[in-house]
Ligand code: SAH
Ligand code: SF4
Ligand code: F3S
């Protein structure tokens, strides 16, 4: 997903050992104990860590950014590719070495790897104290207490209802401007390569009322952008009957109609014209024209769609069980261009070297990229995951060198396309939202335009959270550079 997956083969496509993870920040409110959380994988996992921090905070724990200070260390893990799991195993070994000198420290594995491996991590490998899957975080304080008394524990129960709707996430690593809101959990698709349906369980949508309330609260606290998160946001669906059978009395302001994703987008967009709305991930089989028209109707819904194609070849797409073909995908892109115009950003995920993929079929992915002209992509080579449909049905028969070479070709193509697309922005006036300092210089700030591209501007007179009208003056394949024209123009 998008913003969603952060791991190194996006960049290098190889087995480099670098990691991309987030840790908790220091928050000292005088509580007796401290947790340290290291989070891997997609944005939804990072979002879950904020729920975990909230649950633990209620139960007497502050957060720390230094695991040496922590009473409890959590690794919130990802199983999407083999390398993601290997990274976590290396970290676990490291934490265990530390624990030898500090036996009172509790080590917990959370997230997708916990769900996939369950008690294996406890029984066979004996390297953790608690193992807790994505739907069981309310049980964490109990399990940690028991572990502190020497009782190791596992809870990997997957729920059909849990959405943590009532839990106010503790914003970790926050810039105070942009935040993520989970709108659904799980996934009901069965893409043959993918482990997510097994680690995250059945798809369920969260009460729209609680989503809007969370967006409103963030806005009141100064946030200016929310990203609505789900594995397949277009299948968001909430109805009072289905989702809320137990409730007898309707509360004031409660939603009574069926709410689909387009409706939800509109509800969040109406919080304020000053609150930008983004979302991820869209599934090509489910994205509707109604969503595209809603995006068009609201200036504050960003014109950017992450629409992972995975492959440009219809036979491979069928083996992947993506349930669309090349033609369907191209038609969806046509609708985006017709309704939202050429400037709408489109990005993708691509998998190189899926089972039985021929050279010609790989070429179809490259020509697909040329046709769509993706602004950027997250690119991977296929990594077989135990228990998935592909692992059961197909042979992982493309040699690693071939996978890597195909991936390198895809990355090279994307590099050219990103540069081409960025050049089209040079000379244009755009609105950006300032969200941080530039990696390269303290004198420069970075913001993003509606199409989700980073624009670097001089920091003079600006602060985080400002909307700035800029003229794009230059670009690299990854970044735009802008000149400030106006600070906080009227948007309402
Ligand atoms: N729900 C999102 C994807 C979530 S996983 C969607 O349907 O688009 C994020 C990305 O990881 C996928 O889009 C896919 O490109 C990649 N991925 C998933 N499983 C993989 C595997 N077994 N090997 C390589 N890449 C994989
Ligand atoms: Fe995985 Fe497919 Fe679900 Fe995305 S839509 S999470 S790729 S099964
Ligand atoms: Fe996300 Fe990785 Fe799980 S991508 S849903 S943390 S397998």
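Including glycine, each Cβ sits where the backbone N, Cα and C put it.
TrEMBL has this to say about the protein:
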- 42, 78, 112: [4Fe-4S] cluster 1 binding site (BINDING)
- 187, 191, 194: [4Fe-4S] cluster 2 binding site (BINDING)
- 33-149: domain 'MTTase N-terminal' (DOMAIN)
- 173-420: domain 'Radical SAM core' (DOMAIN)
- 423-486: domain 'TRAM' (DOMAIN)
*Which of the binding-site residues 42, 78, 112, 187, 191, 194 have a Cβ less than 6 Å from any atom of ligand 2?*
187, 191, 194
_DSSP-derived helix, strand and coil totals, residue by residue, for the domain 'TRAM' (423-486)_ = 3 helix, 35 strand, 26 coil
*In the predicted model, what is the mean pLDDT computed over the domain 'MTTase N-terminal' (33-149)?*
92
*Can you list which of the binding-site residues 42, 112, 187 have their Cβ under 6 Å from some atom of ligand 3?*
42, 112
*Residue among binding-site residues 187, 191, 194 with Cα closest to the Cα of residue 78 ([4Fe-4S] cluster 1 binding site)*: 194
*Would you list the other residues of this chain near [4Fe-4S] cluster 2 - those whose C-beta lies within 8 angstroms of the C-beta centroid of 187, 191, 194 - in sequence order?*
189, 190, 193, 195, 196, 197, 231
*Can you count helix, strand and coil residues in the domain 'MTTase N-terminal' (33-149) using DSSP?*
62 helix, 24 strand, 31 coil
*Relative to the Cβ of residue 191 ([4Fe-4S] cluster 2 binding site), which residues of the same chain, six or more apart in sequence, are found under 8 Å away?*
310, 320, 321, 322
*Using a Cβ-Cβ cut-off under 8 angstroms and a sequence gap of six or more, which residues of the chain neighbour residue 194 ([4Fe-4S] cluster 2 binding site)?*
80, 187, 385, 388
